[in-house]
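In Swiss-Prot this protein carries:
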DOMAIN    79-243  domain 'CP-type G'
BINDING   ASN128, LYS129, ILE130, ASP131, GLY182, HIS183, SER184, GLY185, VAL186, GLY187, LYS188, SER189, SER190  GTP binding site
BINDING   CYS267, CYS272, HIS274, CYS280  Zn(2+) binding site
Amino acid sequence: MDGVVIKNTGSQYLVRCTDGTELYCMAKGNLRLKGIRSTNPVTVGDRVEIVPASQDGQPAYIKRIHPRRNYIIRRASNLSKESHILGANLDAAVLVCTINDPVTTTVFIDRFLATAEAYRVPVILVFNKIDCYTQEDRLQLDRLSAVYTAIGYPCCHVSAITGEGLPDLKSLLDGKLTLLAGHSGVGKSSLINALIPHADLRTGAISQAHHTGMHTTTFSQMIDFPDLSPGSALIDTPGIKGFGTLEMGEYEVSHYFPEIFAASKGCRFGNCTHTHEPGCAVLEALRRGEIAESRYISYLSILEDENAERYRPEY
């Protein structure tokens with residue numbers, strides 16, 4: 001029997017079967033996809049083959065994961081070689097950002113975008129809490145949005161409290177399975193409650209000591225839109241503190257920054273790292289202001305990760 005994983009509680013997975021029934025299943029201990037060392041071998045959005053519970057008391061279990069069309073993955077922790085898969089078989093991903101309380105840095109945004117580029121997942125940047133922004137915050141919002149829209153990433157300015165911008169965002173999600181990600185405290189749960197009122201997700205407050213969010217979502221789950229086209233759904237995920245990248249070779253990183261990749265076609269050397277080489281078209285574009293400095297800094301940060309990974313000993 002086949003189905004789609006719609007919830008991951010850590011020990012069990014809720015699977016919606018092709019006949020519409022929903023079953024909690026265990027994952028077999030040897031269930032792994034080739035070439036992926038993951039803390040969660042099964043993720044929400046996975047298409048799976050399951051074996052129903054038997055009459056002798058054996059619980060239902062996931063027998064096989066069907067090949068994934070794509071997925072979003074991050075390093076499980078800074079010192080880990082294992083990964084954590086946020087969601088699979090996605091039509092889009094929404095990264096929820098805030099200018100303040102908490103601050104979403106451009107490095108965090110760019111690491112998420114680069115990973116999504118690597119796995120061919122289109123991203124929409126959603127800047128939430130615009131009802132709370134000062135004039136200075138709004139100027140910063142406009143500057144950031146200009147950088148990302150110029151590259152090709154749609155940017156939505158919304159308020160989960162007032163509803164501003166939500167109709168436009170909702171239209172972008174119609175007919176899509178969309179992953180929702182971001183730091184704790186950016187208002188993901190409030191945003192889902194505003195978009196899908198029946199979701200009734202718990203929301204949390206901001207830690208005033210650290211200006212970071214406190215986790216309210218503790219597991220990933222798929223939530224259907226009742227008023228959009230069939231197949232329209234969000235995958236809600238727990239808040240992420242950092243975004244460590246994986247599986248990017250030193251000479252591949254630039255491929256996942258569209259504007260850097262476009263400029264790199266003019267480089268003198270095919271193995272240019274765009275850091276110091278003579279005849280580097282990327283550095284020239286950076287000097288001319290055609291590549292945002294913040295984006296180049298993010299590129300360097302991922303490049304440093306990959307160089308450090310090469311010299312990390314096996315344990």
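Any Cβ shown, glycine's included, is placed from N, Cα and C.
Closest in space to CYS280 (Zn(2+) binding site), of the binding-site residues given as GLY182, SER184, VAL186, LYS188, SER190, is GLY182, taking the CA atom of each residue. Considering only the binding-site residues CYS267, CYS272, HIS274, GLY182 (GTP binding site) has HIS274 as its nearest partner by CA-CA distance. Nearest by CA distance to VAL186 (GTP binding site), out of the binding-site residues CYS267, CYS272, HIS274, is HIS274. Geometry remark: HIS274 (Zn(2+) binding site) versus ILE130 (GTP binding site), CA distance 36 Å.
ILE130 (GTP binding site) sits 41 Å from CYS267 (Zn(2+) binding site), taking the CA atoms of both as reference points. Ranked by how many other Cβ atoms sit within 10 Å of their Cβ, the binding-site residues LYS188, HIS274 place HIS274 at the bottom. Every protein chain shown contributes to the tally, and the Cβ of CYS267 (Zn(2+) binding site) ends up with 20 other Cβ atoms within 10 Å. Of all the Cβ atoms in the protein chains shown, 20 others lie within 10 Å of the Cβ of CYS272 (Zn(2+) binding site).
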